[in-house]
Amino acid sequence: MTTFGAVVRHGRGWLPLIGLAALLDSAVTLALPTVLGRSVDAIASGNDSERWLGLAAGLILLGVVCALVDVLASTTCVAGTTAWLRHRLVRRVLEGGPEGVRRFDTGDLVSRVSGSASDAAQAGPATVTAVAAVIPPVGSLVLLALIDPWLAAAFLAGVLLVIAVLWVFARRTTEISLAYQETQGRIAALLTEALAGIRTIAAAGTAGQEERRVLGLLPELHRQGLLTWHVLARSGAQAAIVGPLVLVAVLAIGGLQLVDGRITAGELFAAAQYAVIGAGLGSLTGLLGELARARAGIRRSAEVLAVNPVAYGILSLPPGPGRLVYDDVSVVVDGVPLLDHVDLNLPGGATVAVVGPSGAGKSVLAALAGRLRDPDSGLVLLDGVPLQAVRRSVLRRAVGCAFERPVLVGRTVSESISGGRIAPVEVLAAARATHAHDYASRLPQGYHTPLPEAPMSGGEAQRLGLARAWHTGRLLVLDDATSSLDTATERQISRTLTEDRHRRTRLIVTHRASTAARADLVVWLDRGRVRAVGPHQRLWQDPSYREIFG
Amino acid sequence: MRRELGFGVAALRRRPALEFAAWSLPEILPTAVYGIAVAHATDAFLAGRGATGLAWLGGLVAAACLGAVGARQAYRRLGDLVEPFRDELVRRVVSGALRNAGRIDGAVSRLNRQVEIVRDTFAGLIVVTRTFTITVVGVVTGLLSLDPLIAALVVPPFLLGFAASLAILGLAADRMKASLSADEQLATSAGTAFAAVRDVTATGAEDFTANLVGEPVEAHAAAERALARVAALRTLCFAVGGWLPLLILLAAGPWLVGRGVSTGTLLGGLTYVLLGLQPALSTVMSALGDGGLRYVVTLGRILDTGAPAERPASICLPRGHQVRLHKVSFAYGPQAEPVLRSLDLVVPEGDHLTVVGPSGIGKSTLAALVCGMFPPTEGRLLVGRVSPHELSPEQLARTRVLIPQEAYVFSGTVLDNLSYLAPEAPVAHVNRAIEAVGAEALVARLGGPKASIRPGQLSAGERQLIALVRSYLSPAPLAVLDEATCHLDPEAERRAEEAFSARPGTLIVVAHRISSALRARRILVLDGNEAMVGRHTTLVRESPLYRDLLGHWQPRPDQIQPAS
């Protein structure tokens, strides 16, 4: 469980230093006005001035050192904690598997790693700094009262006035910036729409026309933008009067005390300084905001870290042909059975096609074979060993999956096939077998083209996805993985698959009759149940089987 | 950095800028009076003249009121400076995105977030510069009238610190850029990895992927630490510019008092440093170091992607619309294997040509070349005896119409969408086009030509129908359908293709289904290194690839007839 305390504890090496620096800095801030005031008094009276001057210089030096330590130590602490949290988050997401992270959007997860983690890492330094930051404003108020209680009263009255002005400003700004943001959003929506048709626009030479359409709202944005500055103008003017008022109030009250000889000139000066420091009370809300952000960041991180990693077993697979058995397997989601007591015994080395109308449970069946999800009841066994009991490295070498929409990972095209697991020679072999080689070799830098710079169609992505799974040992699961290929390429790949020299078991989810026809065995699924198992030619006699293929 | 600052300065309109500066003058008064008022008030209080002291303080409030009037007017002018600047940025982003088809990613983020960042930081820079100038002018004036000696002691170290903080700005900008780009890389690689959780699990690539994302995580941490060292330098600059004047003034105190400087004057000097110079320096340093850098970096990004290139209009106009390719090759990069190699092809006016071939073989590239979207790497490509790439977008649009796979529909009326390429088309023409392409049912369902539509409400097939009717209406005689019917069912596809075939002019179809080939007069079979063009009957005889493609479209007998 990741808590506020846990995150704070991670930076514990640095926190005492940060805390000490912050405390000393606060002490300096509080002491300085008095010391400066005394220095002036000493200079005026000609007594002891060197001692006070030395003290003032020492304090200032100490303050500068504290500020330096704070900047360096806080950043080092936060950077370290952020990286630590990010590594943990990334690892947990990847180990959680598709089922574990299903409830998070990709964008949401990214924002948790990039944003929330760095917010969360502020927890330690922010806590320490917040405690130390309370000292100067509160302390200065106390000191103000110690010099003279009336000074404190004058100060508080002034501060209330400032708060009132800020509050009115914040409220009016919110209203106006809301309208501004809405207009901005509408312009962005128009642009998004146009960008979706950018090829049409480029070909038709209508960029100018589109520009006018998208920018139609710009004058409105301009008007609303002007309004925000007008609000700022009014409150800026108010602040220009109200700000000095606090100080003048303190100076006036203090001046009258000076006339009466109750305080010295130095103390009057110190009082004015304390009034300014005391006004820093407002900036404390900023620190509280930072703490709240840190807490929210930790909560959002903890939600990800609470995902359970996929649990792998410790067994190896015995030698075998790749026999795949579904033993009374059911998968239920929200009370709806996706697979309903499925029993299948698929011979090793066979090509098995899985067909059925959409929603029949084909992909779930494939995901179970690839251990991308686990059955709610029953077992899936490969050569007699339940998949859940197999060690991760063994399982992933033995079973490979290719998908309808593969998502490729890696710095380069080559890495997207190898995934850091196989040698370049094998990458080339896999690419040739799946016809990804034609695509890859046409790229600007061939296999070394950075993945983001390699534009690809659905069919080309599918070929790379197939290549990635090509070196699987025992069982190849293809979930509609050739649907975007043109017919010729699809047939060539199918032939390579059928003539597979390694005699791996192939489980192929498909919509094409030709693929089913070439398979050794067809599993016909319907609403989560196995309707029939047999060769395509035999099933073809059933009119409702033929209906599946339209 | 110079480019961004220059861009900002150039965007300032003269009149509001002058008014802004003029209205800022009154605010110098309270700043200048501050220390003097404190000095004289303190001396008055010390001498027991309370009323005089209070009068000085009253004068300070009066000066503040005067300054406030100026501040209000000045801030109102701020909008006139900032909003036109923002408008210009929005225009640039939108126009850049729409005109540079290759640079559309991130355009919406540029429009929303980045433009706002630049707007805020630009305004921030103006305000801070103003405050800083007012303070320095005010304080120096005040100090000089208080005692020129004090000014001589205080101002030089202050300026030294300020200059030093300016000197490290370049370094800070580099570090900031490094940190931002590390952050972006992290987001990109985390995004790719998280979108691929299923694939990562399936391939057992958890460690590989974690390391892949781990690299930018560490890079970002390193960049942050490097940034902190710059912040430390900034702290030192502040020590020089903010604290050194104070220490010098104090150290010189006994000597000054010996020269007849009053306690009040000394306090006034301290007040100028503590309440005038120090806050001004710290504000300007954080504004330049933080907001200013964000301004430079963000604006730089917008300017980098913005600048649209206008294609000059060609002097030669196309004559007719015959398409002629002579030894045309095309590759996407100097190292890349060519997508098309030495292709010869003539498409006479009025022809109906279908292009077939395996996916990724260059069919869409050929369509784009013919339409003048980019020039061939080698060889000559002419449309109507001129090179299409050299024509202006308007001339091109009158010559050919390209209908891509992803159909464009925008928020507006059905009619707006249909007459997009032919705004002057009479209603009768529009109706005829709707009927010809087979979109009557769709238009009726949408509520007729006057009805408003939103692209999100339409299916991909419906959007393609709209795009087809629109292109049918285009004045261009050469129509190129690049898998433009892939989301239609075969029957709808047939009707649309036949409509285009009957339309006067040339039709080139990049086929999604092989059935498109059977409707064409001639067929181009692209097969990587070689191409063959001919009629169906010839190709069935001579092209193995064509037979192969065709064979898979026609169900094989063993698949239709049950094995008995």
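Just so it is clear, glycine is given a Cβ too, placed from its N, Cα and C backbone atoms.
Residues annotated as domain 'ABC transmembrane type-1' in TrEMBL: B:31-279.
TrEMBL lists B:323-553 with the feature domain 'ABC transporter'.
Marked as transmembrane segment by TrEMBL: B:20-41 (among others). Beyond the ends of the transmembrane segment (B:20-41), by six or more residues, the same chain brings 52-54, 56-57, 59-60, 63-64, 66-67, 69-71, 73-74, 77-78, 80-81, 126, 130, 133-135, 137-139, 141-143, 145-146, 262, 264-265, 267-269, 271-272, 275-276 to within a C-beta distance below 8 angstroms of the stretch.
Residues annotated as transmembrane segment in TrEMBL: B:53-71 (among others). Long-range contacts of the transmembrane segment (B:53-71) within the same chain, counting only residues at least 6 positions beyond its ends with a Cβ under 8 Å from a Cβ of the stretch, are 23-31, 33-34, 37, 40-42, 44-45.
Within its own chain, the transmembrane segment (B:122-144) is flanked in space by residues 8, 20, 24, 27-36, 74, 78, 81-82, 85, 150-151, 154-155, 268-269, 272, 276-277, 279-280, 283-284, 287-288, 291-292, 295, 299, which lie at least six positions past its ends and keep a Cβ under 8 Å from the stretch. Sequence annotations record features per position, and here TrEMBL assigns transmembrane segment to B:122-144 (among others).
Residues annotated as transmembrane segment in TrEMBL: B:150-172 (among others).
Long-range contacts of the transmembrane segment (B:235-257) within the same chain: residues 147, 149-150, 153-155, 157-162, 164-165, 168, 263, 266, 269-270, 273-274, 277-278, 281-282, 285, each at least 6 residues beyond the stretch ends and with a Cβ under 8 Å from a Cβ of the stretch. Annotation comment: TrEMBL describes B:235-257 (among others) as transmembrane segment.
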Average model confidence [pLDDT] within the domain 'ABC transporter' (B:323-553): 87
